[in-house]
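Mind having a look at this structure? Questions to follow.
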């Protein structure tokens with residue numbers, strides 16, 4: 001049996017990407033953003049097609065993502081942040097709630113969101129991961145933007161066939 005398959009597409013030319021970056025743990029978040037923007041450029045996304053907004057912390061990321069999603073101007077969004085474990089339960093709360101909020105926005109607005117909000121035990125782990133995770137976020141955003149656009153086209157083929165059948169019936 002032969003099955004259809006979609007090959008990953010990392011061509012960023014023409015894609016519009018919105019990035020929301022937390023300022024808490026700023027050196028790590030700046031490292032994430034630098035790596036992400038550099039990778040977007042390498043993938044062909046034009047600088048004028050990228051909007052970067054910053055928010056105070058990880059819990060504010062979902063609301064900013066929601067506003068960007070509501071605008072309808074972006075093919076994909078990226079969440080950048082760093083939640084580093086401290087001595088209280090706050091780490092779990094921030095990690096869980098920001099992650100759930102990001103997922104909800106993606107599903108509610110049918111827009112891909114690359115989640116690169118790091119959750120680490122200490123600063124060293126965050127610094128060690130920031131560059132590669134920033135790059136990963138760019139690749140995920142571009143690939144998922146292209147995938148969702150390709151999947152959106154699946155329904156268009158059926159509509160085109162129905163229109164062709166309707167046109168033939170009208171001519172008969």
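Just so it is clear, glycine is given a Cβ too, placed from its N, Cα and C backbone atoms.
Grabbed the feature section from Swiss-Prot, which reads as follows:
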{"type": "BINDING", "residues": "24, 58, 59, 60, 82, 83, 84, 115", "note": "5-amino-6-(D-ribitylamino)uracil binding site"}
{"type": "BINDING", "residues": "87, 88, 129", "note": "(2S)-2-hydroxy-3-oxobutyl phosphate binding site"}
{"type": "ACT_SITE", "residues": "90", "note": "active site, proton donor"}
{"type": "REGION", "residues": "150-172", "note": "region 'Disordered'"}
{"type": "COMPBIAS", "residues": "154-172", "note": "compositional bias 'Acidic residues'"}
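A description of the local structural setting of each listed feature is requested, covering burial, neighbours and distances.
Using a 10 Å Cβ-Cβ cutoff, residue 59 (5-amino-6-(D-ribitylamino)uracil binding site) registers 17 neighbours. Under the three-state DSSP scheme, residue 59 (5-amino-6-(D-ribitylamino)uracil binding site) falls in the helix class.
Sequence-distant neighbours of residue 129 ((2S)-2-hydroxy-3-oxobutyl phosphate binding site) (same chain, six or more apart, CB under 8 Å from its CB) are 118, 120, listed in sequence order.
Neighbours of residue 90 (active site, proton donor), defined as other CB atoms within 10 A of its CB across all chains, total 11.
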By a simple count of other Cβ atoms within 10 Å, which of 58, 82, 83, 84, the binding-site residues in the record, is least packed?
84
Which residues, sitting 6 or more apart from residue 60 (5-amino-6-(D-ribitylamino)uracil binding site) on the same chain, put a CB under 8 Å from its CB?
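22 - these are the non-local Cβ neighbours of residue 60 (5-amino-6-(D-ribitylamino)uracil binding site), listed in sequence order.
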Could you tell me which three-state DSSP class residue 24 (5-amino-6-(D-ribitylamino)uracil binding site) falls into?
coil
Quick check: in three-state DSSP terms, what is residue 84 (5-amino-6-(D-ribitylamino)uracil binding site)?
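Strand, per DSSP.
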How far apart, in Å, are the two Cα atoms that lie farthest from each other among 87, 88, 129, the residues recorded as binding (2S)-2-hydroxy-3-oxobutyl phosphate?
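Max span of the (2S)-2-hydroxy-3-oxobutyl phosphate binding residues, Cα based, is 23 Å.
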